[in-house]
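J.: So that we are looking at the same thing, I have put the structure below in structure tokens.
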Amino acid sequence: MKPPILAVVMSTVISGTIMVLISSHWLTIWIGFEMNMLAIIPILMKKFNPRAMEASTKYFLTQATASMLLMLGIIINLLLTGQWTVLNMPSPIASNMMTAALAMKLGLSPFHFWVPEVTQGVPMSSGMILLTWQKIAPLSILYQIAPSMNPNLLMAMATMSVLVGGWGGLNQTQLRKILAYSSIAHMGWMIAVTTYNPTLMLLNLTIYITMTLGTFMLFMLNSSTTTLSLSHTWNKLPLIASLILMTMLSLGGLPPLSGFIPKWMIIHELTKNDMAIMATFMAMTALLNLYFYMRLTYATALTMFPSTNIMKMKWQFESTKNTTLLPPLIMISTMLLPLTPMVLTLF
């Protein structure tokens, strides 16, 4: 894609999301979602091939259905209240319909089927945008309408999402699919706490985005798309292998790393609200995620995969890929735990 076209498309994606974030009128929110959806499709089809085309079509159909459901919920709400404001939602039908539409946009279970397929079919950089930036707008609306949503419906979706996110990733060897299932599980954690403390959802989203960006950038630097290609990292870029180990364990939510903060806070919040069984269940399903991250780290950094050359290190040219953002992202996604009290005062 030519740089001017890419700039126009990217600015439309960004302005669509910002429009959703700053609006308090349902119609402008809906227009923001539409702008964002139509502009992201050329980005998904950046490398034009049948797989990218199929993925983009799947994405378009799902998002168009979600937009239609959202508009239906908005119209029902308008008929009952006579106004377009976001915060006034007395009708449970409208609220449930909007929750379903936003769940479809986020890829929450049972509307999760498009996420792994679309992420796998598009290039790495497009998959990165899909699993990070595209989550901001729907979650901001969920944050605003949280008080009027049905907590049982949210809890059911959260439970299914953490289960699907854990189980689905177990049998995968494709890195993009693993990250897609990881995204479904993380969304489940965010939705679980929305009813009790929506601000924690924002904390979780911020940390999730930094960790996922860091992971995708490491994979792109390495040009890895499968576990097999990742296992050759020790021979090419040993430092990157150890960084992948750190970010993977952080994504899994292991204690000394940043990924533990949101899980710790969410479990604390759920137990405080007499949801100890739910918290225990979610902590147990997090082990499923940890298993497939551990499998990746084992293949990358803990074993030396057989290689064709006799040397320990492979001779290669200097990498031309831009890694300016990588050091701060890795720092944030691994070393934030000591700053938890400060992070909590911010959120």
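Here the Cβ of each residue, glycine as well, is placed from N, Cα and C on the backbone.
Annotation comment: TrEMBL describes 23-287 as domain 'NADH:quinone oxidoreductase/Mrp antiporter transmembrane'. For 290-343, the entry in TrEMBL reads domain 'NADH dehydrogenase subunit 2 C-terminal'. Taken from TrEMBL, the feature transmembrane segment applies to 5-22, 28-45, 66-87, 152-171, 178-196, 202-221, 233-255, 275-305, 325-344.
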J.: Please indicate, using numbers and ranges, the residues of the same chain that are 6 or more beyond the transmembrane segment (325-344) and have a C-beta under 8 Å from a C-beta there.
T.: 203, 207, 210-211, 213-215, 217-218, 221, 243, 246-247, 250, 255-261, 264-265
J.: Output the single range from 28-45, 66-87, 152-171, 275-305 maximising the number of Cβ pairs under 8 Å to the transmembrane segment (5-22).
T.: 28-45
J.: Need a quick answer: max count of Cβ pairs under 8 Å to the transmembrane segment (275-305), which of 28-45, 66-87, 152-171, 178-196 is it?
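T.: Answer, by Cβ pair count: 152-171.
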J.: Cβ under 8 Å, sequence separation of at least 6 from the ends of the transmembrane segment (152-171): give me the contacting residues as numbers and ranges.
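T.: Distal contacts: 96, 99, 103, 108-110, 112, 116, 177-178, 181-189, 191-192, 194-195, 278, 281-282, 285-289, 291-292.
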J.: Write out how many residues of the domain 'NADH dehydrogenase subunit 2 C-terminal' (290-343) are helix, how many strand and how many coil, based on DSSP.
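T.: With helix first, then strand, then coil, the domain 'NADH dehydrogenase subunit 2 C-terminal' (290-343) has 29 helix, 0 strand, 25 coil.
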